[in-house]
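Q: The structure's right below; bear with me while I get my questions together.
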């Protein structure tokens, strides 16, 4: 019985108790909260349901708790239900009910933890979207890891997810990139506000090798050639780096297509027609303050050029027109102002503003021996995705970026993540999985199997701790999806690995050399198999491998 199963049982029991006393059942919460007590001696789980509803039905909380305890204790799944304090209920599961969690995991396998509670969502998840003017820096790398994990978590919760990369190929930064490449090809210094780094020289040389005539063309044609080829080569490098990192996208959306297709003009006309765009001093302004923004925004400047927000508005419209009812933008730390303006754009176009969510990620700092690592071999000024992977590997890089909430800045100590010790979180979790695989191999050699195991034998305190931790996984996945916080999965994996290691140190899973195989060995092997499956499921959700040997 998982915490969710117990919550359902408590709710059903509460309905029966209130109904039998002709009390109002509508006051019961939609979901009963079930938590593990801080002191394990108080029981397996606790709930404050009696305190929540007693006053609403005109009853003393302890009296209501007493009625609930008596009714729950009559259920075969409950070993005991005791009242604490003003009306808390401390519940201890029967051994067989605890064992049901193990059986459930083994039956569900790779789908344990999944649900369909977000099946009503068609999500457009846009992340990374780095400009094609250089390699992906650490901020973009954080989104590459977190965004991919969030997509996995949302899909595990039943949502349809489209992973999208917004390709910024429209704007002055592309012109500066092209001029930087051209200067490098000519052997000239990097232009002011240009891009430097070894990668600029490499791309420039590749363009000249591919087009020997490039520098002999008319100046405008030369610049356009370096622009088009440079952007394409840089973007191919970005896609290759992301793929190696384990992050792929369903859609690569070109910003320039919004202007070339007329989508920007169409969106502007919609806003003019519905009165949400007004003219002032030759410019056209969005009435964004009417939709929660702190100021109205210029959409078309007085010289007739579109402001940057014009593309954002057209892009919002395009996402909704493709059938997405939730559009998640994962943006950098300097994009807080985008939250209100994107929601305002959606509302002004006639869409629900809650269909737009903006997640803001904070900075990432790389450290070695307590000192900042600032320089990249190829990029020249910033540390890149490739640098991080080269330093600590893909699994450690992804895990280090995912395990912390994105709304806080992150320091990554390279020495810690390079180490093969329990201090390294990803090593600790992966070692737990590898140890479990080793146990399974040894069990096969000894002829021990979990088939037909009597799971009611799992009564040791460490067994109970492990079973209860396993039972929490579905709720952790649900919370990670609902709150858009995949770091919860990584932290759970660490907790599960730690609980398993403590169980392993206290309980012999397989018979020793002088022992015969006993029913408890099969039961513990089943518990180990369930733990292995759950760890593998958690690692999959963060996009990290689950090694069988280490």
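Any Cβ shown, glycine's included, is placed from N, Cα and C.
Pulled the feature table from Swiss-Prot, pasting it below:
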| type | residues | note |
| --- | --- | --- |
| MOTIF | 130-140 | motif ''HIGH' region' |
Q: Taking a Cβ cut-off under 8 Å, which residues six or more beyond the ends of the motif ''HIGH' region' (130-140) line up next to it in the same chain?
A: 167-169, 173-174, 176-177, 195, 197, 199, 231, 234-235, 237-238, 241-242, 332-333, 361, 363-366, 376, 378-379, 382-386, 388
Q: Give me the mean pLDDT over the motif ''HIGH' region' (130-140), rounded to a whole number.
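A: Mean pLDDT across the motif ''HIGH' region' (130-140) comes out at 91.
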Q: Per DSSP, what is the helix/strand/coil residue tally across the motif ''HIGH' region' (130-140)?
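A: Output for the motif ''HIGH' region' (130-140) reads 3 helix, 1 strand, 7 coil.
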